[in-house]
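Asks: Here's a structure for you.
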Amino acid sequence: MSRLFPHSSSSHVPGVPASHPFLHPCCSCILAVPAPLLFSCLPGPTFCLFPCPGCSHFPAIPVSRLPTRPSARPDPCAGSADPNHIYPWPHEPLPTDPLDFRHHNYDEMRKLMRRVNAECPNITRIYSIGRSYLGLKLYVMEISDNPGRHEVGEPEFRYVAGMHGNEVLGRELLLNLMEYLCRQHRRGDPRVRRLVARTRIHLLPAMNPDGYEAAGSELAGWASGRWTYEGIDLNHNFADLNTPGGTPCALAQVAPETRAVIDWMQRYPFVLSANLHGGELVVTYPFDMTRTYWKAQELTPTADDGVFRWLATVYATSNLAMAREERRPCHYDDFARAGNIINGANWHTVPGSMNDFSYLHTNCFEITVELSCDKFPHASELPAEWENNREALLLYMEQVHRGIKGVVRDAETGRGIADAIISVDGINHDVRTGRARDWGAYGVAGYEVTAAAAGYEAARRPAASAWLEPG
Ligand SMILES: [Zn+2]
């Protein structure tokens, strides 16, 4: 073993405590692990506790893409002809990517996905995780250098959109994203190539396709299409904080869409996700449900609160619409005052949310992004919305390479151990190794981790090296 985690104080991120070890930007992990090699970190920069400078991405917006200050642009509303800024600014970001900017119904969505798959067969795969109540397939686009395979040590990431069928921007952004990743990969864009080579990405653009078809167009009412055909709000349909064992109550009505997603979460070892909604401009992080059951609002942090606030901040500061200084609140809440992020339960309690389920019952950290004030923007706004979100979507995916990861093996045979429990000092939230015997964790409050498995002595080691002795 060699030295770990030399600290640098030069890149403190404003608004986040400098003492939080998650934020140390640099590490130097040297792979001289003694045999027998067990429960060890994997080769490559990402097994370091913190990414090396060459691979770290902080939520900084390139200066050239920062919105100009209001005083620097002509004001079309001079004379208060448009006091509410209803009409678009003349300097909305122009679309630089030639993508298919329009609303896609179910058939059009399928066609687009097939086209992307045909253009990039080596890095894409389309699969379905189940069917909606009306029988529409829940399609996922996988993007990875080896589609269809989990590679040991390569983290799995997912974006989910369209849980509420009438909040349609996320669906279009994910379709844009798959087109963009395919195109840029073919062009040799180093950033995209690196991301695709090191990450297994899954994009589910329509979790509630029945609701989308019901919403129809931007002329639909505020809530029409939110629910499934059966009238279920999918974001209240997961097992919640108070449901033991991770299975929804036997008496509860669980939508086929929810069952499909739970099954998906349990089949793939996801470690990071975002759930794309609309109707506000803010990023929320778990818990979504208040611990005091009768309270409508209550700060309810997880054991990984610092990490979640970081993740939410990454999206909120790189999304051009949220970061725009002159932006006005969508409705009543001025989220900009708190950096456009909020603990979900501290906004309004959501029992049975997908984020809470993901955190409590799987190894995956998930946040919610409310993408725009308007749930169903007009098609002409889609290019600008892509510009607003492109950097945020990429930067957030790159966060999957933060944290620590490794493999748990038997000290004598070298065989990988599935279902071993990984605990990080000071964080009351464990993760488990998956079927591939590898694991990834964000909960990093100390540098010591413990691996435990049935039939073995627990091993306690610094993050980069530990092994298990048969007990
Ligand atoms: Zn929603």
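Cβ atoms are placed via backbone N, Cα and C, with glycine included.
Bear in mind that TrEMBL entries carry predicted annotations, made automatically and left uncurated.
Pasting the feature list from TrEMBL:
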ACT_SITE  E370  active site, proton donor/acceptor
DOMAIN    102-400  domain 'Peptidase M14'
Asks: CB neighbours of E370 (active site, proton donor/acceptor) within 10 A?
Replies: 25
Asks: What mean pLDDT score does the domain 'Peptidase M14' (102-400) have in the model?
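Replies: Here the predicted model's pLDDT, averaged over the domain 'Peptidase M14' (102-400), is 92.
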Asks: According to DSSP, does the residue listed as 'active site, proton donor/acceptor' sit in a helix, a strand, or coil?
Replies: strand
